[in-house]
Amino acid sequence: MSLFGTTSKFGSNGSSVGTFGSAAADHHNPMKDIEVTSSPDDSIGCLSFSPASLPGNFLVAGSWANDVRCWEVQDNGQTVPKAQHIHAGPVLGVCWSDDGSKVFTASCDKTAKMWDLNSNLAIQIAQHDAPIKTVHWIKASNYRCVMTGSWDRTLKFWDTRSSNPVMALQLPERCYCADVVYPMAVVATARRGLIVYQLENQPSEVRRVESSLKFQNRCVAIFKDKHNKPNGFALGSIEGKIAFHYLNVPNSVKDSFTFKCHRSNRANSSGSQDIYAVNGMAFHPIHGTLATVGSDGRFNFWDKDGRAKLKTSEPLDQPISACCFNHNGNIFAYASSYDWSKGHEFYNPKRKNYIFLRNAAEELKPRNGK
Amino acid sequence: MTVCQFFLQGRCRFGDRCWNEHPGARGAGGARPPPASQQLSASNRRGWNASSQRYSNVIQPSSFSRSTPWGGSRGPDQASFGSSTGSGFGAAQRPFASLSSGDQDEQKLLEGIVKDVEVWESSGQWMFSAYSPLKTQPPVAGFTDISPEELRLEYHNFLTSNNLQSYLNSVQQLITQWKNRINQLKTINKSNRVALLPNLNNGVNQAAPALGFGSTQARMFGSSFVGSSKSVQNFSFKTSPGFAPATSGSPSVFGTLPALGAVPSAGSAVSASTPAFGFGKPQITSAASFSFKTPAASGFGSAGFSAAPTSLAGSPFGAAMAPAFGGGTSVAGFGSPGSQSHTAFSKPSNNIFGSSSIPTSLPVSNVISATDKVLFTPKDQLTQEELEQFQSKKFTLGKIPLKPPPVELIHI
């Protein structure tokens, strides 16, 4: 029975859910989602699904164990580990090329590598002076390149054949997160910096946006309008808040809004909350609804146009550090691993890290009042 | 609407009932802090542009037209620029008014900060984050932005080099710095505002490591004073050649040097809140631009901005004035950059900037001790020339006093 695309109860399938964590108070998988086999040995920093040009679904994950792993996700939910390659430092960003043949990985070893999946060879294509946090593939009408954002405050663009960047842009501060939906790119930096770029012809800075949030930027994701053109982005901060910024829209100031999420109300005192960081965000490729994951160990689905929360998950016992949709929006992957939100005291290297897959076709449909 | 002349001088008899425009007061009273900032900037933009012309008539047209390019050439930053100066005007003109609308706004802001800080502390939120009380302003000084990944990487690096203890120590240090800063901010209230500046000064000196200035700092040097939005910062940079070598990513620099370099990133958010200038706070842009204008205009503000505390977005002058004078040297510091174009400040001592240890050398202790008399100078402490200046109808550029006027000469 094909798992993805129908609302089957995969908890009852023979996949690995249920065998693990059958102990009494185990909340490592309260949503009973499919667990990816051979998950990384340390925290997962980034997840990415293969693009539509590749038949089937392939998931890559970069982890703090310095490795990048690739699985094939079959229709019945089985995950088959396919390959992995190792960096010299923790891997903070992964991205696929548009034809699905290469995976770009960015690491704390200050390099980014291009991993050819067919030959299983990885060559270095980028170099920075500090760990590289984000890597994105840009396919423009007249060029193709890899964009890397690093803590050395630069944004560099690499043609994979040359060891010098084709372009290097200065950032006001360390790059914390970025997103690319051609022709728009958004980079969020330390000290609440937000810069929008346009990528047509050649990447150039369009403007600096004033962040609506008061605290550190954590993740950013571009959304599209109904004509499939990028027209704004969502920004998540460590403060359990998300801000939507509309760009190139007549009422952009009025339409932009923020909302609180990933907070929990304490039982004892009213009004006091635990505030958690928003670790990752992803827009559903078909419905345009938003999924967010946070340090509270929950994922949420939101409809930004209807300004409604579609779903909140049960809390996992670990923070959720990354999330991603596959190319047609049927699978939602999220990684349960420690994100260092409470410092080193809560780090347990022996703790198992999970990646879960969930059927996302139905739950992310927007509300009717769109 | 025409701008009310009397309001600008601090003596409008009609107050809210006045039919003319009171810049800085329009959006200030009765609004919540976030909308207030927008309204403030909107109204102040009008107010500022109008009043700048007025001031140019009042003092000396030629030098004012030279100074207005700061406001005029800002372009997109005009709004925020206007807000800082506008509110500065409002407060500077009536620094001694007990509860002007500017003060109410500031009070709300302070309350907002206190609440934010309390929530931050109690909620288990990530500590090492930059914080801006109002969205449009650059972050409050004393908080460093460290992402969890950076901290974790440090941990792993220290682990591999078997040096975990030093990691733990530095984390502990960061945590203590953060806690101290939080406690300082929690105790802000109206009556402590004057004491806030010394607190903030102290906070600067405790600034967390590795904020980094980036190459933006390099850009600052050598650009002309007037003109671009960065120019305001420039002037402060220029005077302190010692700053030039501040390279990105050198932690110690931040502690000692004003984070002037870091300002450009927050360039648009010119608000009165940033400390300033001498204190190595990142918001130098706003402080600088802010201070520059006011002194020219009122003569009072000169001290004000040097001491402008980070979190006082509303009317830095009100509070800033006082302590700033205690550190009269800090004002002087401003003067030295002025050697380029702004004659008003060509006089004050150049030594402040000459020694690159400005932030730490700022006489914090002086400021603290002067809390009582900080708003006014007793007559006997003024030189004859300064006294003449205060007594005359308008200030002469080049002779604007650096100390606040004596109580006796104030007419409200």
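Placed from the backbone N, Cα and C atoms, the Cβ positions cover glycine too.
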Of B:24-47, B:336-359, the range TrEMBL labels region 'Disordered': B:24-47
Whole-number mean of pLDDT values that fall within the zinc finger (B:1-25): 81
Secondary structure composition of the domain 'C3H1-type' (B:1-25) [DSSP: H/G/I, E/B, coil]: 8 helix, 2 strand, 15 coil
